[in-house]
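Asker: Mind looking over this structure? Questions follow.
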Amino acid sequence: MICAISGEVPDEPVVSKKSGLLFERRLVERYIEDHGKCPVTKEELTMDDIVAVKTNKVVKPRQLQAASIPGLLGMFQNEWDAIMLSSFALEQQLHTARQELSHALYQHDAACRVIARLKKERDEARALLAQAERQIPASMAGAAPTAVVSNGKRAFEDEVGPDGKKIRPGINPVMIDELTECNTMLSAHRKKRQVPPTLASIDAIERYTQISSHPLHKTNKPGILSMDIHPSKDIIATGGIDTNAVLFDRPSGQILCTLTGHSKKITSLKFVPRDELFVTGSADKTVKIWQGSEEGNYNCIHTLKDHTAEVEAVTVHATQKYFVTASKDNTWCFYDIPSGSCLTQVGESSGQEGYTSASFHPDGLILGTGTTEAVVKIWDVKTQSNVAKFEGHVGPVTAMSFSENGYFLATAALDGVKLWDLRKLRNFRTISPYDSDTPTNSVEFDFSGSYLAVGGSDTRVYQVANVKLEWNLVKTLPDLSGTGKVTNVKFGTDAKYIAVGSMDRNLRIFGHPGEDDQMDDAKPSEE
């Protein structure tokens, strides 16, 4: 009398009328409630088809093995043998699993190495392809038949115009629509933007002091000439007299990579967060576009040689698809970033002054340039026409910065900083932080438009006010390089720190002591 489900002697046996099978009542009831079928034959079955089996009420006898001591010892011996066999089987399974895991880990390591190699080969192939794409048009133009002019000379009519200048494709209507749409969107967003509550307060900035110093450039050619901060990754890029650009991770205090390729000092550089690109301009008359890889390295994908003199400034448009370079050859170039092509090169026939600084307006339709002749020029990007000129500086305009409020422009020169109201096209304030022999080398608004940083013989931070109110000095940070020449000043996110570059090789971070615990172990260096 064995239950057809459990294989045990049932305590409350029942029989199916249809199949005649014996079941434990509680088991078959539960199965019928869930499925409505016989658990063995799968026929339709209800509780009405189940008949209870009447048995005698007797005491269940004890098993013979448990009725004596020898029987109990035999049972224990059998149980022990079963446990030993099970343990042996488990040890064998564990050994097999360890072997399989070791094999899988070796396979994973080999796969990772192969993937890394393939990625490296892919990046190299991309760089070669981009270089080939730039070389093919030039080679095709060189191989194309040329027209013979009356004096017997040959000219490339598709590249050079009658005036001897290269013919550029220009900014087409589609690009103009894109620039206009970007301007409309950013302008509307800027008007709604409020000062973030996380912005560093005046009291906090008054307590700023040097929290770290990092030797990034060579000792035999010291000097940081340009600087930029990645808007989302807290990476600081510096360009030096040693011809190198260094990418520095501020939170970890480590150098991510050093970009080499220019033959002279790097005068300007900018991040292009879109597609992890990076642009550098140099005194060697070239501009390089660098492509970042997943491993953190940067490869040069374009080398642009459209200028005939030192490239002094690089500024990236808000769309992150275009950028402008300004040079001492008295021209500025508008580039398409993906193709690395110069869409237009703008120069003025009158005057021989070169450009020393340039910056896009935050909304993107206005470009500001500073010249060696102390003139600030405002350009309409869509038409490439000079729409305004600001005069009054003494010496070359070394730096400029548009405020995020959209209507303040700060420019720096030998005589200090001049503040311009773009709504009325006039100078409403002049800040002269240093004596007449000390030029102002850097000027920078923070992203909120609440503070203005000035770099010269030291670093000074001013509170931004309106046209009528005084712009108060908040903090003076000494130049700890010993050179007496601060060349670059940049605000970190929410003005939580200030990055300063000087004519030594060290990048210095000023902030509130204790706010950046990750930088506490960094050793200051005054070499």
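Each position is counted from 1, following the chain as shown.
In case you wondered, yes, glycine gets a Cβ from its N, Cα and C as well.
Reproduced below are the annotations present in Swiss-Prot:
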DOMAIN    1-70  domain 'U-box'
COILED    107-141  coiled coil
REPEAT    219-258  repeat 'WD 1'
REPEAT    261-300  repeat 'WD 2'
REPEAT    306-345  repeat 'WD 3'
REPEAT    350-389  repeat 'WD 4'
REPEAT    392-430  repeat 'WD 5'
REPEAT    435-474  repeat 'WD 6'
REPEAT    481-520  repeat 'WD 7'
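In the displayed structure, how are the listed features positioned relative to their neighbours?
Answerer: Averaged over the coiled coil (107-141), the predicted model reaches a pLDDT of 81.
Outside the repeat 'WD 1' (219-258), and at least 6 residues removed from its termini, the chain residues within Cβ reach (under 8 Å) are 212, 264-271, 273, 278, 280, 282, 296-298, 487-488, 490-493, 497, 499, 501-507, 509, 516, 518-519, 521-522, 527.
Counting residues per DSSP class in helix, strand and coil order gives 3 helix, 22 strand, 15 coil for the repeat 'WD 2' (261-300).
Listed by sequence, the residues of this chain that lie at least six past the ends of the repeat 'WD 6' (435-474) yet keep a Cβ under 8 A from its Cβ atoms are 195-196, 199, 202, 205-206, 208, 395, 398-405, 408, 410-417, 419, 421, 428-429, 484-491, 493-495, 498, 500, 510.
Residues 196, 198-200, 204-205, 207-219, 222-229, 234, 236, 238, 240, 242, 248, 250-253, 441-448, 450-451, 453-459, 461, 526-527 of the same chain lie 6 or more positions beyond the ends of the repeat 'WD 7' (481-520) yet place their CB under 8 Å from a CB of it.
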Asker: Over the span of the repeat 'WD 4' (350-389), count residues by DSSP class, listing helix, strand and coil in order.
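Answerer: So the counts come to 0 helix, 22 strand, 18 coil.
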Asker: Looking only at the repeat 'WD 3' (306-345), how are its residues distributed among DSSP helix, strand and coil?
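Answerer: Grouping H, G, I as helix and E, B as strand yields 0 helix, 23 strand, 17 coil.
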Asker: Looking only at the repeat 'WD 5' (392-430), how are its residues distributed among DSSP helix, strand and coil?
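Answerer: Going by DSSP assignments, the repeat 'WD 5' (392-430) contains 0 helix, 21 strand, 18 coil.
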